[in-house]
Amino acid sequence: MTVTEGGIANLTCRVEQNDNTSLQWSNPAQQTLFFGDKKALRDNRIELVRATSQELTISISEVTLADEGMYTCSLFTMPVKTAKAFLTVLGMPKKPEINGLTKPVMEGDQITLTCVTSGSKPAADVRWFKNEKEIKGAKEVNASGKTFTVKSSLQFQVNRHDDGVAYTCRVDHVALTATHEETTQVLEVHYAPYVEIKHSIPAPLEGQNLKLECVPHGNPSPDPVLWTKDGGELPDLDRVIVEGRELTFMALNKTDNGTYRCEATNHLGTSHAEYKLVVKDAPTTSSPSTTSPAPTLPDTTGPLDSKHLNSAVTGNRDPNALSGPPDHALIGGIVAVVVFATLCLIIVLGRYLARHKGTYLTNEAKGADDAPDADTAIINADGNHAHAEEKKEYFI
């Protein structure tokens, strides 16, 4: 059986058939502990639990590593009968200790952290954690009698990111069934400051308020900070207000343009950050455009007559008012059509007049070709008036 150091071990021996012969328990040193119900060894840790002709049970409290070994139960018959049980005692590891850490540590120092635990049996397992994230260390195991001493070391160069980091040494062992032993050390690292500037608005405009915050990082904390503009003092302290690490501008204008520096110092050094302020013009406000309200239909329950409908469509506007600039293309088209129609009319009239003039000359000369004189020709022409209707010419 297996028991943890400091625990209780119960040893039971049973026999099926016995003629009232006593049972006996003896330890690894062959010392009799109990013979029947009679105690043979003076050890207050060993007590009788049950003693009959068929069973002998004893208990050992506050078990130590020295109790480990082979225990024998004997029945004194002819020949003697025996049964053996091996008692294994687990050594409980002690709470680990972390050595090699001094506070504070300076940035850039090389340090070695060593975690030590002793008294474990079998040897304990030692693990390192950096802010709950496991990291690997160099392990060393040394035997000391029946127990073991286990060491694990971490060696690294300290930087500013190690400030406030928790290094934990954790011990795992078979005897620690419900929990584990661990020790934690938090590093305190001193380092020179570095500075950053945060601004409240990305693109400052004239008339706006601007806040600049100087954020220094360092250990010890660099406080207070120093604000300057273009290498000199801050101007116009009525509008430019310094409150702790904050620099506030009230109602920005172009005179605020420049390079602003925040400087922080501790005993390890000095650092600064700069912010270049360029104030831009505020956007001009455009006049609102006037739009005519949408026309509304007259409130009437009956059918709309033409008067009401016209009023609704025109929106009660002046009918003589021009709705927009004249359309020059339309006017040019109308003029072209009028000119074309006029030319066509002149051509038609010219041909008509020319045609009728030829008919008149022809009719006047008919019957006068053979006349000896003008009077006879006129008379002959008049005589042919009766047949003039048949010889008319028509112009189509």
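For all residues, glycine too, the Cβ spot is worked out from N, Cα and C.
Remember, TrEMBL labels are computer predictions, not curated facts.
Since the structure is predicted, the reported quantities are computational estimates derived from the model, not experimental observations.
Under the heading domain 'Ig-like', TrEMBL lists 1-75 (among others). Summarising model confidence by region, the domain 'Ig-like' (1-75) averages a pLDDT of 92.
Residues annotated as domain 'Ig-like' in TrEMBL: 96-188 (among others).
The domain 'Ig-like' annotation in TrEMBL covers 193-278 (among others).
According to TrEMBL, the feature region 'Disordered' maps to 282-321.
Sequence annotations record features per position, and here TrEMBL assigns compositional bias 'Low complexity' to 282-301.
According to TrEMBL, the feature transmembrane segment maps to 329-349.
Helix first, then strand, then coil: DSSP counts for the domain 'Ig-like' (96-188) stand at 3 helix, 57 strand, 33 coil.
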